[in-house]
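Would you mind keeping the following structure in view while I ask a few things?
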Amino acid sequence: MGKKQTKPINAKSRSESNVVADPRFQSVHSDPRFSRLKRGNFKVKVDERFKSLKEDKDFKTTASVDRYGRPLNQDKATKEIDRLYELENEGSSSSSESSEITDNEEVASASSKSTKSEELTDEESEDEEVYDPARGEGIISTSESSDESDAESETEAQPEISELAGIEPEENIPRGSETNRLAVVNMDWDNLQAVDLFVALSSFCPPGGKLLKVSIYPSEFGKSRMAAEHVQGPPRDIFTPADNQPSSAELHEAQKFGFDNNESDQDEEDALIEEDLGNEFDMVKLRQYQLERLRYYYAVVECDSVRTAKVIYETCDGAEYETSANIYDLRFIPDDVTFDDDESREVCTKAPEKYEPRDFVTDALQHSKVKLSWDAEDPHRKDLIKKAFTSQDIEDLDFSAYIASSESEDEDVDVIRSRYQKLLSGDADDFQANSNPFEDDDKLEGANGEMEVTFTSGFDVDNNANSSEKDETTIEKYKRKAAERKQRRKELRQLKKTKDDEGEGSDVDLGFDDPFFKDKDASRNNKKNKKGKHTQIEDPTAASKEELENLVREDENDSEQLDHFDMKSILKAEKFKKNRKLKKKASNLEGLQEGFEADVSDPRFAALYTNHNFALDPTNPHFKRTKTVEKIMDESRKRRSNQLEQTQDGKPELKIKKRKAEKGDQRQELDRIVKSIKRSGK
């Protein structure tokens, strides 16, 4: 019997009775959005890379039982994969296989034995664990054959990688005899200083050992390269040529996607905001150049003994300096090698108290994208600018490494000295008004003509005088001003001494015409004397000997001084007098001044009774009741009572009446205003 014919799924093959003839839905029959998919289109087609999808057990692992504990069919996972996935060449191969079945029956029977053996080997290989890093399964093979193959592949790939990175193959350099000096080579000297090496290597010294000095010298290779870079800049090989056109393969790829060669050029505006991808450099040559910069300098480490140098060599050689990707490359220096002829870049003999290492990474040793460091800013200078210094740090800091000299390098020092000597020892007759002492003598001799006199304002003179002050640092400016103030005070003291010695009528010129050093009070007195309106003011501090004797005189009749009393003794005596037993002790106390009586009517102490600041408060805990205090309080009461008697003439009462009248007038005026507002509102 033939196969049962099924109705086609396509809408065109349907019977006319099922077709909707409504013109509103006419587009449904032709619109692909409403057409049904074919069964073959349900499957996802995969290429040969995913051929193991149907064979690998990892894609077919399912649960052995369902959620109710019933056993599941293990072929369900295989059927599910066949239903969803299909290889690209599977559809075409299925038709060809059906036609060739009859021809290959004999071949299949003959090769059945071989296939069985292959299946056995496949099953054995499947039982073995396979290394799959994606799933984290399997064990790395450690057989000798794999090691040999890996070694061969590494040896084949190593020259290519080193050549691509610009790294020269390692040389077998002999270690040599052990000495107390070590050389450090192949380091990033743009970021490393002698202090960094001194501190880092000092931490590896054995007990009792120490570093004496770390010096950094330029190598012969570095001297020649730096001299060439000073004139010509970095080598041209590191830059890509300007006429670098895309290759034929790139053009073919661009034309394949519909891009024209002219469209690849960007506008100027796009170039301004274009990201720096390093396309202007040849990365291989740039990396090689950056690695060559590691050989521009070398460091010499001097230890106190051979034992210390040996320990540092064995510990640090081949280790990384912090996280900078720089590897210590240490060599012993023979004793007969000297560095007296070489000029060191920097020397460190002592670790600073507050040391902070710099965090840096050498891109040429670690990153795929290398940056050119030839024109980079000095990283130590950047740290110096950002750091907040104390006054002691500023004094200890050496600015000579970061500030250029004020004198020109091309100018001879002897010529400058001779010019200054001409300025100091030259006569006024020989000096020309329009000549410059810093010009060459040949120019001065050739300048013949009339003398031209020019006048400059005082502002220009002050600006020229203060030009040197602008170049001063903060500390130098502070010290200079302090010295000027000290000198000014000294000159003022000398001026006063000379005035006292010579007298007021002396007209001797002291050599000071500056108005700053003149006494303001003296100038005022001189002006008044010239006008004749005022006489010269006498010094109020001058006192005669008689007045001083009166202030400290002693009473001839009394043995004690007039101002001699002891307040503590007086308070004790007042307390002892209240107790009969202690009355005798009160008479033995000194400094009582028993015969002294205060003159409460003295006008000099009138403020005690009028000023509230001197009012006495008996409730205050610091109040001390004595005879003199009680006398003062009685006097204040008398004066207050006298003031009340003097007010009987009625003046205070009149003031009170006036205030009451003023308040009444204000109330009447307010009532009038309220009434007027009410009338206007009606």
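Just so it is clear, glycine is given a Cβ too, placed from its N, Cα and C backbone atoms.
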From the set S125, S248, S636, which residue is assigned the annotation phosphoserine by Swiss-Prot?
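Checking Swiss-Prot against S125, S248, S636, the phosphoserine entry points to S125.
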Here are some residues: S92, S96, S468, S506. Which is flagged as phosphoserine in Swiss-Prot?
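Looking at Swiss-Prot, the phosphoserine feature maps to S506.
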Considering the residues S99, S117, S149, S264, which is the one that Swiss-Prot annotates as phosphoserine?
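Record annotation (Swiss-Prot, phosphoserine): S117.
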So one of T121, T498, T647 should carry the feature phosphothreonine according to Swiss-Prot; which one?
T121
